[in-house]
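Notes for the one structure printed next.
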């Protein structure tokens, strides 16, 4: 009986291990501060809305978040830039993004909540922003307001892949 019970428990544990996805959590080291980011969760929710966001983007010639904005940051400005990008997405993008598909609305809400959580942790870091970093985000805001608000939010959601890739790079550089 003990052997049967032991085998059953072992089989159950093996099954649970096989069925569960690993949670990819990474730590962003921002100067003297660290923030946990669950990239797997962010990627999962974004994957569910990505194709719709890109296919409904009617402003093909406009780019809000160019990779060069993120690559050319001054030393010590990563914390500030992440904080500003998260603020932009929480306050301007997700609050104006609408999908006709309920599942995609849930995913965008989950992304917004994850960004709020990361943002709350980053606020504890007391990032100092230099003028050049603020100007970079001001240029993103300027392009955003040139578009009709729902189109701008659609475009920013479609470009979220650029932000997630950059966050993953920051996580691995630490």
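Glycine residues also receive a Cβ, built from the backbone N, Cα and C atoms like all the rest.
Since this is a predicted model, take the numbers as computed values, not measurements.
What TrEMBL annotates here:
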| type | residues | note |
| --- | --- | --- |
| SIGNAL | 1-25 | signal peptide |
| DISULFID | 33-125 | disulfide bond |
| DISULFID | 79-127 | disulfide bond |
| DISULFID | 80-129 | disulfide bond |
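Around the Cβ of residue 127 (disulfide bond), 20 further Cβ atoms fall within 10 Å across all displayed protein chains. The most crowded of the disulfide-bonded residues listed here (79, 125, 129) is 79, judged by how many other CB atoms sit within 10 Å of its own CB.
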